[in-house]
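What follows is one structure encoded as structure tokens, with my remarks underneath.
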Amino acid sequence: MSLSIGIVGLPNAGKSTLFNALLSRQIANCAPYPFCTIEPNVGVVEVPDLRLKVLAEIVHTEKIVPAIVEFKDIAGLVAGASKGEGLGNKFLSHIRESAAIVHVLRAFSDEKVIREEEINPRSDFEIIKTELCLADLQTLEKQREPNPSVATKEDRARWELVLKLRRALEEGVEIRKVDLSGEEKLLAKPFFLLTAKPAIFVLNVEENQAGRTGGEMANFWNLSDMGEIIPICAKVEMELSDLSGQERIDYQGELGLRESGLEKLINKGYEVLGLQTFLTAGEKEVRAWTINKGDTAPKAAGVIHTDFEKGFIKAQVCSYENFVLYKGWRGAAEAGKVKLEGKEYQMREGDVVEFKFNI
Ligand SMILES: Nc1nc2c(ncn2[C@@H]2O[C@H](COP(=O)(O)OP(=O)(O)O)[C@@H](O)[C@H]2O)c(=O)[nH]1
Ligand SMILES: [Mg+2]
């Protein structure tokens, strides 16, 4: 399952600074994560989840394995990039491989960090958006009208969709903002459109604005219509990542930061990927597993081990809340809060699960 989030933005927006701050949280040992690939521009970080510690206390284990997300530092997006300017089209394939996009928008002024025009995150985003829309248009312009004498109903629906998406892009509307039916979404999937991907906006703000809310900063820069805005001072995050324990807490306090910007970003990133978590809690370890929303119990079992999916019999399921309230499997079972679910069961966020299988 691809959990990768691409970091994009104009040069000197602070992408690499933010990425390096994330890297300081990179998990050193990838062994428990079968999907994990570490490359120079990829940072694999754990998703902070307070539930895991609570579960670990209940089942008396020391070992906690959180869910992970990957961030990728993608350089090379400049005006004209879709036509081959700068690093050309290379960045496109990196974005295409990402499941979601973080846009880093510069809102700090620092004369040491070169920039020709006045600071303007809105117009910076417009430049990026234009390039991504143009790249998507190029993709769709490769599609050809089906021959009416042999076209199936689906072929015709796909062509109608291509025309609809092209119209949107020509007006500068990203595909993620276009109203699509479930069927249209399925038809659009194989085009791997860049502007269809979920997006989050990191506003790289001045040091003294790091504690401001997303709403305040979005109002200030006129970005309210864009989506989720996370104000982060990348430089501060970089400094914070060099500190440990109490020093970090003290410095965060001085800056008026309740939560580190990185934590907000990681959690938000995980959320926009459209994923959900289920939990396992045994003596060996407590662990968060990542599945797609709507996945069934056998699918979830398959994330742990492919054999578990094939040999799936039942899932013993308890909600996280009940598991905590009744202090573990036995108490929850006595209270009638543990259910045996079959193949059709759709997993819910925070289910604590034990799979019964036959291999
Ligand atoms: N003052 C200030 N400088 C920053 C901040 N974030 C990044 N920089 C500086 O801006 C320059 C470009 O940052 P970098 O992360 O390399 O940008 P990238 O081109 O988007 O990867 C570097 O000199 C950073 O130290 C920030 O929040 N405040
Ligand atoms: Mg960079």
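Cβ coordinates are placed from backbone N, Cα and C, and glycine is handled just like the others.
Marked as domain 'OBG-type G' by TrEMBL: 3-252. According to TrEMBL, the ATP binding site annotation covers N12, A13, G14, K15, S16, T17. What TrEMBL lists as domain 'TGS' is 274-357.
Cβ neighbour density within 10 Å is lowest for N12 among the binding-site residues N12, S16, T17. In the three-state DSSP classification, A13 (ATP binding site) falls within coil. The number of other CB atoms found within 10 A of the CB of K15 (ATP binding site), across every protein chain shown, is 25. The binding-site residues near ligand 2, defined by a Cβ under 6 Å from one of its atoms, are K15, S16, chosen from N12, A13, G14, K15, S16, T17. Sorting each residue of the domain 'TGS' (274-357) by its DSSP state yields 25 helix, 34 strand, 25 coil.
The ATP site is defined by N12, A13, G14, K15, S16, T17, and by the 8 Å test on Cβ atoms against their centroid, the other residues of the chain that qualify are G9, P11, L18, F19, V104, R106, N204, A234. Taking Cβ-Cβ distances under 8 Å and a sequence separation of 6 or more, the neighbours of A13 (ATP binding site) in its chain are V104, L105, R106, D124, N204. For G14 (ATP binding site), the count of additional Cβ atoms within 10 Å of its Cβ stands at 27 [all protein chains shown].
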